[in-house]
Amino acid sequence: MAGIFDTHTHFNDEMYKNNDIEVSELIRDANQNGVSKFCCVGFDIESSKQAVKYALKYPSVYGAVGIHPNNVNDYELDDIDEIDTLSYGQNVVAIGEVGLDYYYTPHDKERQKLFFKKQIDIAIKNKLALMMHIRDKDGSEQAYIDALEILKEKKVKNAIVHCYTRGYELAKKFTDLGYYLSIPGVVTFKNAKELQETVLKVSINSLLVETDAPYLTPEPNRGAINQSRYIVYTVKAIANIKKLNKNDVIEATTNNAHKIFKIK
């Protein structure tokens, strides 16, 4: 049976280091809970270098490299060339996390779009998946609408909407283009009715699972530092919502991850 693929985790986050949690421990504990593969995702140049390092060091870890939309003011556009270079690293499978964030940095929209477009070009050129961070204020979908416009303009084929928590109608706009929705631990929260409805209605063939660790810890560990091993609660929640066997959810989402990341 396939193991769980945590398609979005941050072994490269300072929170682990600051709490004396070793990456080897995180991997070992996850393995013991049925998690067999991980994608460690960069959010700036330094964390992208770390992601490449971990993908080289640990056979079960794959890497994603990119500049997060909240970090675009820390760089010049030409700095993206370094992301291009890093993307040739062994076991790098995606450009990410990249995209648009109108929640934390709504004043930087045009600069975010420039960085997003340039990093999309790298993903297309190097035949890598696009790992997208799209976030907007509650009640607004503008970031998603703008992202869809750019994706269509660039004719992007292989993309993931990381940490999807919105409704079905919006989800369908992405799945209709053949993109995957990556479901975080938020799906276990009692008040996440909109996301739970989305999970119910969207085909399992369009879903991935992720932790976004060390953030967004699922119930019953909400409030603790998130770890890949807690993804079992996300899988269980999806199985319950879709009335599927847990192993079928694991098999489908892991197969989907292998497809989008081109892992044989």
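Here the Cβ of each residue, glycine as well, is placed from N, Cα and C on the backbone.
Just so you know, TrEMBL annotations are computer predictions that nobody has curated.
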Among Asp212, Asp248 - the residue TrEMBL places in the same divalent metal cation 1 site as His8, His10, Glu97:
Asp212
From the centroid of the CB atoms of His8, His10, Glu97, Asp212, the recorded divalent metal cation 1 site, which same-chain residues not already listed sit within 8 A by their CB, in sequence order?
Thr9, Val41, Phe43, Met131, His133, His162, Cys163, Glu210, Thr211, Ala213, Tyr215
Using a 10 Å radius around each Cβ and counting other Cβ atoms from all shown chains, which of the binding-site residues His8, His10, His133, His162 yields the largest count?
His162
Per DSSP, His10 (divalent metal cation 1 binding site) is which: helix, strand or coil?
coil
For His162 (divalent metal cation 2 binding site) and His8 (divalent metal cation 1 binding site), determine the Cα separation and express it in whole Å.
7
